[in-house]
Structures are given as structure tokens and as C-alpha cells.
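These notes are about the structure you will find just below.
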Amino acid sequence: MSLVAIGINHKTATVDLREKVAFSPDKIHDAMRSLACTTSSNEAVIVSTCNRTELYCNNARAEEVIHWLESYHNLSHDELMPCVYHHEGQEAVRHLMRVASGLDSLVLGEPQILGQVKQSFAKAKEAGTVAVTLDRLFQSTFSVAKKVRTETEIGTAAVSVAFAAVSMAKHIFSSLASTKVLLIGAGETIELVARHLKENGVSSMVVANRTVERAQAMCEEFGATAITLSQIPDFLPKADIVISSTASPLPILGKGMVEKALKQRRHQPMLLVDIAVPRDIEAEVGELDDAFLYTVDDLQSIIEQNMASRKEAAEQAEVIAQEQSFLFMDWIRSLESVDSIREYRTASMAIKDELVERALNKLAQGADGEQVILELANKLTNRLIHAPTQALTTASRQGDLNTLGQLRTALGLDKH
């Protein structure tokens, strides 16, 4: 038994199965306690996100962890098993380090997974299912993820349209904190854009949408103002940045509307990013002197370049994860050696205590002191050399010269 990682993810399982295997936040504490108690594992951490569910256990067998997962979610072996992957020992360590570093994510290098792994670890500590080994493993993993972020460029290049749009704005404006932003649309992409903008210090955001109720729901999260599409002409002159992504079949911003807004701005530059297909902003807007229009095609070329950059950085990150997983296993082995030494010393002390007690009893009964000491020395010697003698005999009979040599070295027989 050793460290075990069991899981399914976006590469091995459908959304339907991932939903069945996921653990809800309100039940995950009990699930981790059940996993630790039901299996031979004495430590357990469950990482459950929309793209993956993974179980990390110490001192467990892969088969029993898989069986527990099937039983917990009432899934058949045939349904789950084709989608499950499992790693043990050093490979389990390396896998966790790769996951936390974003090397196993749907979007290579995405940073959100590290936060999710940290949350899972915190919940496991709350549940009382983390001890020395998994605590050290996850702390080491967080250090590896930080090392990957600081020593490679895996997280610096935008690889989503939303992130690329905000990255472009950051390149054009020295600081986004003082800019006013108009977002057109209230779908998933615009919501992601708003999140990236908020993370970059933008405090003045207006969200325009066909249904203002949808925009208001999003605005509550980001402290933005919701308006209808018909109100855009009133708010456009105040916007330094316009990012649009709707499902409209016709353009929402025309050249005339933008030209009028620029005049009201006294020709202060305006960045417009159109990430809709079909376009939300007329192509002719790009002809205006103070309007800087970028489309989804412009962003896509940036994303492709950045993906190549991330893949190169990922190769460096893989080396870091591999090296650090080896170092962790060195620590595991040192821990095992400490345990072995402690057990060996305890066993030897028990033999000594037993024989000394017998010797003292004999002395108390008037036995000859010299004879008692000699008997104690002989018995102690015989008891202590019994196991090494058996090991030497077995290695010699089997012709195992390697083990024989190691035993001779360990017993100090080859000093001269």
C-alpha cells in the first residue's frame, strides 16, 4: 500500500458521468471521512471540480478506493471503470503536482485549479482526514505550483478570448483602474471578461444587454451598472473601453454612433474589442482615427501564438513537477527509514528489558553474579543476532550476492 490517486476528468469522462461522480460542497466533509474510515487509508483528500473528481489517499489500495467511489455514488463497475485513471507512489505525487500547476487542465496553465486544490485540502483538514504525509504532499504541491508560475511563463499568455481581450486592454492603457468600460452582452464570455477586468482593478463598468434583468444579475457580482441596448448612445461617450459579445444577427454599434461619441469625447481614443460572431461592431468603425477596433480574428492569432508559448513553458513545468516528485519520494523514504529505525530500536530495547528483568530476579534470589552477567550477555547476543543471521543464511542459500553484500555492509562486516 502507498500513496494513491484515483480520478476521472474532462479527458476520460463525459459531462454526465462527471456530474454523477462530483461531490457537493455540503457533503464533501462527510465523504472524506467515509473514504478514510471505510478503506484502509488513514488520510484522504477529495478534489471535485466541474472538470475533474480525484481522490488522494495514503496507505490505501487502488481497488478499494475505486470500490468506495462506486458504492458512494451508486455506480456500476462497468460504468465507472473505463473512465477511471489511477496512479500510485511517485506517479501519484507527480500527477497532483501537474494538476495544481495547470498542466492537466482543459485550458493549459489556467490558474483557477490551484485555488480549487487549496480549497479541497482545507476542507480535508477541517474533516480531520489529513495527517503528516498528505499535509506534506499538498504543501509541497503548492510550492511546486508557485515555482511553475514564477520560473516559467505558463500563466502569462492569454489563451481564452475573454482573457485575450482584457490583456489587449492592459497593453494599450497604462492602468485599467482608472478606465471606464462598457460591456455589451451578458453571456458567459462577457461575464468572464468582467471577472478579469475586476481582477485588474476596474471599478467603473456598465453592462448593456437586450434584457436588463440578465445584466442586473451579473452587475450585482461585479458592482457594475446595468442598462438596455437602447441606452448605449448615452453611455458610449464615457467609455474608454468597449467589449462586445452578443448573439445579435445585426451590428449593434455602427460607424455613425461611434463617430458621434468620439466627438463628444473630444477625440480621446477609444478601444473597441468585438468578440462576437457575427460582428457586433461595424468594420467601418476601424476607419475612424481615434477608434481602435479589434475583432475575434485578431484575438485568435494572439491566442494561437500564446498557446505555442504556453506549450513551451509547459515542458519546463513538467521538468519541475518531475524533479519535485522525486524529492518528495526521497522524503517518504526517509520517513520510512525513521519508522524502521524506531521499530528496530523498540524491539531491541524490549529484548534487553526482558532479559535484564530476568537477570535481576535471579540476582535477587541469590544466584552467582558473574554467572548471571555471562548468561545475560550470551542470551542478549543470541537474541539480537537471530534475525540478521537468518537474513544472511537466506541470502547465501539463494545466491543473492547483492543482498548478501548489503547485509554485510549494514552489519559492519566489511570495515577491514
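Count begins at 1; order follows the chain as displayed.
Cβ from N, Cα, C; glycine included.
Feature annotations, reproduced from Swiss-Prot:
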type: BINDING; residues: Thr49, Cys50, Asn51, Arg52, Ser105, Glu110, Pro111, Gln112, Gln116; note: substrate binding site
type: ACT_SITE; residues: Cys50; note: active site, nucleophile
type: SITE; residues: His95; note: site 'Important for activity'
type: BINDING; residues: Gly185, Ala186, Gly187, Glu188, Thr189, Ile190; note: NADP(+) binding site
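Annotated features taken from Swiss-Prot, shown on the structure.
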residue: Thr49; record: substrate binding site; Cβ contacts under 8 Å, 6 or more apart: Ile113, Gln116
residue: Cys50; record: active site, nucleophile; Cβ contacts under 8 Å, 6 or more apart: Arg18, Ala22
residue: His95; record: site 'Important for activity'; Cβ contacts under 8 Å, 6 or more apart: Ala5, His87, Asp104
residue: Ser105; record: substrate binding site; Cβ contacts under 8 Å, 6 or more apart: Asn51, Val99, Ile113
residue: Pro111; record: substrate binding site; Cβ contacts under 8 Å, 6 or more apart: Gly102, Arg149, Gly155
residue: Gly185; record: NADP(+) binding site; Cβ contacts under 8 Å, 6 or more apart: Ala208, Asn209, Ser244, Ser245, Thr246, Ala247, Ala276, Asp280
residue: Ala186; record: NADP(+) binding site; Cβ contacts under 8 Å, 6 or more apart: Val207, Asn209, Thr211, Arg214, Ala215, Ala217, Met218
residue: Thr189; record: NADP(+) binding site; Cβ contacts under 8 Å, 6 or more apart: Val161, Ala162, Ser245, Ile275
residue: Ile190; record: NADP(+) binding site; Cβ contacts under 8 Å, 6 or more apart: Ala162, Leu183, Ile184, Val207, Met218, Ile243, Ser245
8 Å Cβ shell about Gly185, Ala186, Gly187, Glu188, Thr189, Ile190 centroid, NADP(+) site members excluded: Glu191, Leu192, Val193, Ser245, Thr246
Cβ neighbour count within 10 Å of Glu188 (NADP(+) binding site): 10
For Gly187 (NADP(+) binding site), nearby residues of its own chain (Cβ under 8 Å, 6 or more apart in sequence): Ser245, Thr246, Ala247
Largest separation between Cα atoms (Å) of residues that the record links to substrate, namely Thr49, Cys50, Asn51, Arg52, Ser105, Glu110, Pro111, Gln112, Gln116: 15
Three-class DSSP secondary structure - His95 (site 'Important for activity'): helix
